[in-house]
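Here the structure is laid out as structure tokens; the discussion comes afterwards.
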Amino acid sequence: MRDAFGFKVPVSSWYKDWRLLLMLQQTLDSSYQEAGNHNLKKFGERMILEFLWFHIKKIISELTPSKDDDFEFSKILNNKKRLFAELYGMEPLSYPHTFWFGILDLAESVCASSTRSITLSLCYYLALESLNHAPNTFVRFKAIEILLSLQHRRKDWFVVVDADLKECGNKFQDQKKSKFFGLVDGVKYKLVSREKLMKSCGISNNLDDDFPAFTTTDIDRSGPSILSLLAQEMLCPVMLQITDQFYGLSCGHVISKGAFNIYKSYRSRKGKNLICSICRTVINEESLTLLPQTSTLNALSDKFVAAGLLSQTNISEYEISNPDTIMSDDIKKSKSLNDKSQNETNETTKKVTEQLITPTNPPDPLIIARECFKQNPQNPQKALLILDKTLQNNEKAPLAYLERAKIYTHLRRYGEALYDVNNSLSLQSLQDDDDNIEAYKLRSRLHFHMKNYEQALQDITIVLNRIESYKIDEDYTYASSDLEAYELRGNIFMKIGSFTEAIADFTIVVENDKFNVMVLTNRGSLFREIRKYRESLEDLTKAIQLNPSFPFAKLQRGSVYCKLNKFAESLKDLEDVLNSTTANDDDKLFATAERGELYCRQNMLYEALIDLEYVLAQNPHHDFARSRRGYVFFKLKKYDSALVELNEALRLNKTNYYGLTYRGMVHFKLGDYQNSLKDLNLVLDRYPNNSVATRQRGIAYLRMGKFEEGLMDFDRLINLDAKDIDALCYRSEIFYELGRYKDCIEDCNTILQYDSSNLIALRIRGMVLRKFHQNNKSLLDLDKVLLQQPTNEVALLERAAVYAALRQYPSSLADCEKILYLKPRQSIQYFQEITKVYGELSEAIGVDEIFIHLERVLQDSPNNAYVLTTRAYIYLLQWECDKAIKDLNISLINQPNFVPTLYQRSIIYRITQDYGNALKDLEKILEVEPGNSLALTERNEIQSMKDFDRNLSLQNYHEQTLENQVSRRSSQTSVTSSNRSNRSSIKNYQ
């Protein structure tokens, strides 16, 4: 055809090839428009792109690197040649690489009209190859335009274009680099302007394509995804190998030339028709379309090899010597193919023939895919390619879906794997089929990785029910796959917090596989969670003996030692993990956090803070470290900071029971008893025997006046440990509050048997003895307490009451004076006890003596709120309410939130029926102490009294109104009668 061309003037050597390409494209387009055969368009696009690839590779191979100086000289020389040609009326000389530009322009035209993902993908690589080798801006511009057009059309699949352009631009020096990116911006502006123009003219260019649903937004994986589409297209559906010679069938499918020749020979011997192995359509040899893909495969082979889709030894050695032969069957072998390679080809053909047992049964793709995956598990793209092609040919192949799901699982592409395994199960009808059971097992593992633990448990239960049905006798031997299923269910139970069930499953595994280090370690960690530290230590030590370099086991054992207060052993294990070369960063980070926990237990708070802050600097979402730092702040009495840390830890992990426990304790310290109880109840619902949470909840109930609930908690603690002195002390206090003095004395005596100098027991026993009027014995106990704790406010108050009962009034006043100088706690109950003592003293020695005593304290401490409030109480006893209010107002100027003063003033307001101000004072108390039971009770009573008075006033008003109405009516009746009488009198008179 080249020789048939004739031109008036000499033309460039490439011009004939260019005209051939144009003719080919025009012929294919016109044929498609006439016949309307989509297969013709599909095969035609592959032909034209094969041509384009051939010429592009040829141009690139002929490029010679040149220096910048040579390039500038070439530009000047070419300009002079053009001037000379114009002067003599000759054909103008073309710009350098005009043919290259024309090829890209032709490729862009094919892209614009194509709806096939394969065509667009081939154009992407054609433009990318040109961009990477383009010697001038002229070609580079067109390559960039194709790439950006593809990205504009399918952002999801061609998102990698941005990275490609950036990588290419970074190859240039500063000036050329800025010029390159300026060119990119210029092309983007052109595309945007063109789109606006098309929209303004009402032209739409939205073509539907056959790209599959995109499953990833990862830029690094979008390139291989495009490559996978191309590899599927170049994979023979019969031989399951990437090859370069195909026949296009009239049904639209393709078959490699080698497989077709073998298949034809076999069928002809049988005297049967040729049938497409995919759709079973009869093949008409006259309608076959030869589709050589040699240039395309040569261009992409390096990328296929890098992606694991093709091995170096499988690259075809065919090449097209001249594009004139593209429509013929004359494919010439390369010069490098010698007789030996010819014999190898014949041997390969023989093997393929042996594999084709029946004409319609190609080699088993599942076996080939498994073998490919086994040989190269790190890069299983070839196995995926075979399975993709298999499912493309047969969408109802459950085992192919299952095999692909296994590979996706290995690649941690869990979403795609789950989609495939669901398809596999939906296509398998037998619920007890072995392959079906395998699919359930795989789906359970996928749900586990995706943290869908309930679904994972359902699937693995189906598998284990099948296993249990096989256990006919006691001598049943578990297979390794059975033990894997039990291990998986144990891991699921562990994640959902069902530790007992998880331990049972792990026990089955350990009993049948005593050397399973991972299961031993997991079971040991679960024993630690349920506080069975001896069993935990046994499992973890055995795991370490089996694998001394297993850092996770040492990490867990270090934690167990810490719980057992074996701090030296714990520190050694944790340091071993931190110094280990086999431990990963996560293990070392957790070891640092555990060491922080260890320091917390040793009360080395600042050392703990250093470790915990390091962990949080590396991982701000480490809820373990954050909850421990909250604990450190709690111990340092920085309650607000502790609350912030614990709230964040619980936001990260709602089941962080350590964080819940200490947040409950922080709420308690801040006086928020309701939220404290809420947190502690959550902990105890999960861990009923948690002694820390039980103790704290009992204390909260005690402070809230819920003595019966508190008593139940301390009873539980004492049942667990009869020598729990702390619990006995709190229980004795509750017995005292409940008036169960005999039980209180019994607990105090029990405590003093274990610890004869326990000051709490001595104080409470002294208080009970006072209630029994055994004042001398009470005085002995209280003296012992105050000898060790001279500023113990409760003991001072009790002794003052005892002195008053013994009529030792000066001693009683002296103790009261000490209390006033101490400025004791803001407790309404404590203040009521003080005023009770002062009331007794005022009756015994007179009010004047009390006033003198209080004035003496006020001279030393003029703004002492306790003294002023106490004097207001004495004024109230004398019914001098105005003086009492005056003292209370002075007290509140200096301490506006002093609870006893606010309470005392609300009482006086109540007495004087000033309910509005009384309620204001009580509301302020509840702002300071939201759970104050006395303030709540008083507020409710005053509100009831206020409502009663209002209702009474309304009733009186209505009654008075009714009386007035009756009176007016009587008056009116009287006047009417009088008028009538007068009129009658007048009438009579008249």
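From the backbone N, Cα and C atoms, a Cβ is placed for every residue, glycine too.
As recorded in TrEMBL, the features of this protein are as follows:
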- 333-353: compositional bias 'Basic and acidic residues' (COMPBIAS)
- 965-990: compositional bias 'Low complexity' (COMPBIAS)
- 333-360: region 'Disordered' (REGION)
- 962-990: region 'Disordered' (REGION)
- 517-550: repeat 'TPR' (REPEAT)
- 623-656: repeat 'TPR' (REPEAT)
- 657-690: repeat 'TPR' (REPEAT)
- 691-724: repeat 'TPR' (REPEAT)
- 899-932: repeat 'TPR' (REPEAT)
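Sorting the repeat 'TPR' (517-550) by DSSP state (H, G, I as helix; E, B as strand; all else coil) yields 27 helix, 0 strand, 7 coil. This prediction places the mean pLDDT of the repeat 'TPR' (623-656) at 92. Mapped onto DSSP helix, strand and coil, the repeat 'TPR' (623-656) counts 27 helix, 0 strand, 7 coil. Long-range contacts of the repeat 'TPR' (623-656) within the same chain: residues 497, 590, 593, 596-597, 600, 603, 605, 608-609, 612-613, 615-616, 662-663, 665-667, 669-670, 686, each at least 6 residues beyond the stretch ends and with a Cβ under 8 Å from a Cβ of the stretch. Here the repeat 'TPR' (691-724) is broken down by DSSP into helix, strand and coil counts: 27 helix, 0 strand, 7 coil.
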